[in-house]
Amino acid sequence: MNPFSADPSLAIGSLGESALIEKLRTWLGASSPTSPFGIGDDCAVLPSVTPNSQQLVTADPIIYGKHFDDSVGPEQAAAKLLRRNLSDIAAMGGRPTHAVIALALSSNVSISWIESFYKGLALEAEQFSVSIVGGDVSSADGFLGAFLTLYGETLPQPRPLLRKNATPESPIFVTGELGGTRIKKHYSFTPRLAEGQWLAQSGVCTSCSDLSDGLGKDFANITPDGLVCVIDCEKVPVATDAESISKESQHSPLYHAFNDGEDFELIFTLSPDTNLDAFKLDWEANFDTPLSQIGVLREGESGLILANEPSNFSATGYEHLR
C-alpha cells in the first residue's frame, strides 16, 4: 500500500501536528494510558521498577524504502517496528513494559495509511502487553520513518542476559530456522520473549543475543575476546524460504542463513558443564520452538571458524551503511 496521497485533503498536511497527535492518541486506543502515564506531557511518568528487577531500554526504527515498501500494508509495518524491538528485550531475558514512538514524515503521507499503521501498532502493543506512553511527530520532506524506543524489565531475581559472558568450551545454540527472511518472516516473526525469559531463569545460559544482522556477523556478539567461534555448517538450521531464494540468487541456502539478516532468532551459549541432554529435554517440555546446537567457543584469536564449510563460501552477515 502506497503511504503517500496525491490528494492534499487526504494527507497529513491537512491536519497539522496538534490534530495529528490527537488522532494518534485515538487510534492507539486503550494501549495508550492517559497523561502523565501516556501521551500528553513532555515526558511520560513510568511506574517504578520493582526492587528485584532492572529496567531495560532499546530503540529501533523502520524506514520506508529500507525496512518496508508498498508490497506490505501499514499494519505489517507496525508489527515489524514493535517486534524487532521486542526481540532485543527477548535477548536480555526481559519482558516489555512501555514504548514511545517518534514519527518523521512528509506532509503528503496518507492519513488512512497512518491511521492503519497506528491501529495496527495498538493491536501489536496489546498482544505483547506494551503501553505506548508518548512520542513525537516531525516533518521530513519525501521521507517516512517511525522510531520506537521500548522499555522493559528483567524478571524478579535473575540478572539480564548479556552478550559476552561465555567461557571456553561453551556450546552455542540458535532458536528457529535461519535465512530467507525477506520473503515474509521479517514482517511476521515471533519475538522469542518466553524463550529469553526461560533462559534467564535457567541458571545455565551464559550469553545471549538476537540475530538481526545474520549469523555471519552476529556470532561476534556472543564471542568474547580471546575466544573463537566454531560453527558446524551442517548443523545450522536453514529455513525453507532460504532454499527458495537460492534458486534465484545464485547463492546457496546456507549463504542466506549466514548473511540475510532479520532472522530475529536467539543465539546463546550455555555453561560448559551443562547437562545438554537434560537441557534439551527441558526445552522441549516448555517450547515448540526448534533448538539447534550449532557450535562451540574455543580458546584462540577472536573470529569465526566454519567446520564442513562449502567451497567458495562467504559468511559476513549484513553490514549497514555499506
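Glycine is treated like the rest: Cβ placed from N, Cα and C.
According to TrEMBL, the protein has these features:
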BINDING   ASP42, THR58, ASP88  Mg(2+) 4 binding site
BINDING   ASP42, ASP88, ASP210  Mg(2+) 3 binding site
BINDING   ASP60, ASP136  Mg(2+) 1 binding site
BINDING   ASP60, ASP88  Mg(2+) 2 binding site
BINDING   HIS67, GLU262, TYR318  substrate binding site
BINDING   TYR118, GLY135, ASP136, ARG163, SER212  ATP binding site
BINDING   ASP213  Mg(2+) 5 binding site
DOMAIN    40-139  domain 'PurM-like N-terminal'
Using DSSP and collapsing to three states, where does HIS67 (substrate binding site) fall: helix, strand or coil? coil
The average per-residue pLDDT within the domain 'PurM-like N-terminal' (40-139) comes out at 91
If you measure from the Cα of ASP60 (Mg(2+) 1 binding site), which of the binding-site residues TYR118, ARG163, ASP210, SER212 is the nearest? SER212
In the chain carrying ARG163 (ATP binding site), residues 6 or more apart in sequence that have Cβ under 8 angstroms from it: SER207, CYS208, SER209, ASN221, ILE222
Can you break down the domain 'PurM-like N-terminal' (40-139) into helix, strand and coil residue counts using DSSP? 35 helix, 35 strand, 30 coil
Closest to ASP210 (Mg(2+) 3 binding site): which of the binding-site residues THR58, ASP88, GLU262, going by Cα position? ASP88
Quick one: which of these binding-site residues, THR58, ASP88, SER212, ASP213, have their CA within 10 A of GLU262 (substrate binding site)? SER212, ASP213
Integer Å value for the Cα distance linking ASP213 (Mg(2+) 5 binding site) with ASP136 (Mg(2+) 1 binding site) is 28
Residue from THR58, HIS67, ASP88, ASP136 whose C-alpha is spatially nearest that of SER212 (ATP binding site), among the binding-site residues: ASP88
